[in-house]
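A.B. asks: Quick one: the structure is below, questions incoming.
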Amino acid sequence: MKKIFKLAFTDFKLIFRDPSLRSFLVLPVILFALIIWAVPPLIEKYAILAPYLSLFLVVGVIENTQMFSFISSMVLIDEKESDVAKVYGVVPLNKMEYVLSRFLIPYLFTVVLNLVLLFVQNICDLSVGAIMLISFLAALVVPVYALAINSMVQNRMQGMVYIKAFNMLVLIPVAAFFVPEKFVHLFGVFPTHWVFQAIDKATQNLSIGLFAAIGFVFFLSLLWFVSRTFVQKHFV
Amino acid sequence: MIQVENLVFQYPGNDGPTLKGLDFSIAKGEIFGFLGPSGAGKSTAQKVLYKILEGYKGQVNIDGKNLSEWNNSYFERIGVGFELPNHYLKLTGKENLELFAAFYPNGKKHNSTELFEMVDLADAMDKPVETYSKGMKMRLNFIRAIQHDPDILFFDEPTSGLDPVNAHKIKQHILDLKNHGKTIFVTTHSMETADGICDRVSFIVDGKLVLTDTPRNLKSRYGKEAVKVDLKNGQSEEFPLKDLGVNPQFLEFLKQDEVKRIHTLEATLEEVFIRVTGKSLGDE
């Protein structure tokens, strides 16, 4: 446990000492300001937006995950590019402990950001249970995103390209809100689809259990797969 | 301590193996060196031994136990000095050292300040590593490798990037480690480093070990057991080492003029390497 916290603490030092990463920490503040103060007057003024209330939350929740997805990805890419990753390969630290130490804090932090966002927003009424489930589910984007990117890239330049692509990938299932009902779940190949659908059902006060369950199974399976791939490649 | 038999390794996607059946052993307390040009397989062999590369064929035993059977405790027993500096640039030298120290049990660890003093980095230990020169980063690599007092040390080009003074100091520290019973595996393409610190060296070319022996044996086997005497008057002559002190021609020759230089005619390791392998240590 001491090792895990030591590494997590080091990550925060690295983030705060890198101006480009540090600036990303204000992203949630901007997002909260938009959701709390900008969106409600817009909805009030333009009635046409009313059917899309859940979309504002979908975008808010997924953008919340993007801060640590980006930061964690960049910290690991830097580590790979500078060959520091090789040092972790020769210390008595279990590789899965390493993965856990790099993502436990970003994951929990993102869960808290989502909890705050969903509790303070006044666009839709959501149950406490739904807020909890959505927050824990959506935050799984962070480790899956960063580990997937770091399983594929070798340097910062490649990383930036993949991050751009992943930013689009996580939002593609938004399109499901604009297609006929029978085609909606074609977007289920994207894991974030199940988060979006859970949020949509929650805004309608319907049960989100099924979508949340599919989402958890999907994300955790992906997490297992990308963790293994990452561990095979990161330390060499 | 380390026994390697018929070690074969091929990188995924490569046409052929990088290591083609290596056999060698390293005794406890020995400094063993792989001497060879870039791309010969020196670093790959080390990476297999410190368990970064898997999927090798052959037998690797550490203390009589198969390498694959060692768990994480193996990493408590080894220290690795990488070929290139690899540190968090935004952290200070001390923060870098202490981060990795945290992964080892407390009992045997060296005091970090003493380690910085040992390699003349005490003044820089609280500065970010991004302000260090390459030589300073390499010295930080070195103390990170030894900070947990490991039994087995792997150094990949330990004097690369160092000025002659610091290269000499690092070689001296490696010899001190040997004197404390550490088993050390060095890879280098520097003849001087291999000659200066290794008990035995293996020449490695294209993934194969060509020859293994002590530097002294190699130099005398492939050189002349003789001395060459140069006098100030320009005369020069060679004399066999055998019975040199009672060789009347040698003694007479010394009387002819002031001696400018006397030197042995043993080969350098580099000359031996070229004669044995047909390649130069600078070859890619």
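Cβ atoms are placed via backbone N, Cα and C, with glycine included.
Under the heading transmembrane segment, TrEMBL lists A:21-40, A:52-77, A:98-120, A:126-149, A:161-179, A:206-226.
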A.B. asks: Between the transmembrane segment (A:98-120) and the transmembrane segment (A:21-40), are there three or more C-beta pairs closer than 8 Å, counting only pairs 6 or more apart along the chain?
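C.D. replies: Contact criterion met.
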A.B. asks: Take the C-beta pairs under 8 A between the transmembrane segment (A:126-149) and each of A:21-40, A:52-77, A:161-179, A:206-226. Which stretch has the highest count?
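C.D. replies: Out of the listed stretches, A:52-77 contacts the transmembrane segment (A:126-149) most.
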A.B. asks: Which one of these stretches, A:21-40, A:52-77, A:206-226, has the most C-beta pairs shorter than 8 Å to the transmembrane segment (A:161-179)?
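C.D. replies: Per the Cβ under 8 Å count, A:52-77.
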A.B. asks: Take the transmembrane segment (A:52-77) and find every residue of the same chain, 6 or more past its ends, with a Cβ under 8 Å from one of its Cβ atoms.
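C.D. replies: That would be 11, 14-15, 20-21, 24-25, 27-28, 31, 34-35, 39, 43, 85, 102-103, 106-107, 109-110, 113-114, 117-118, 121, 123-124, 134-135, 138-139, 141-143, 145-146, 149-150, 153, 155-156, 159, 163, 166-167, 170-171, 174, 177, 192, 195-196, 199-200, 202-204, 234.
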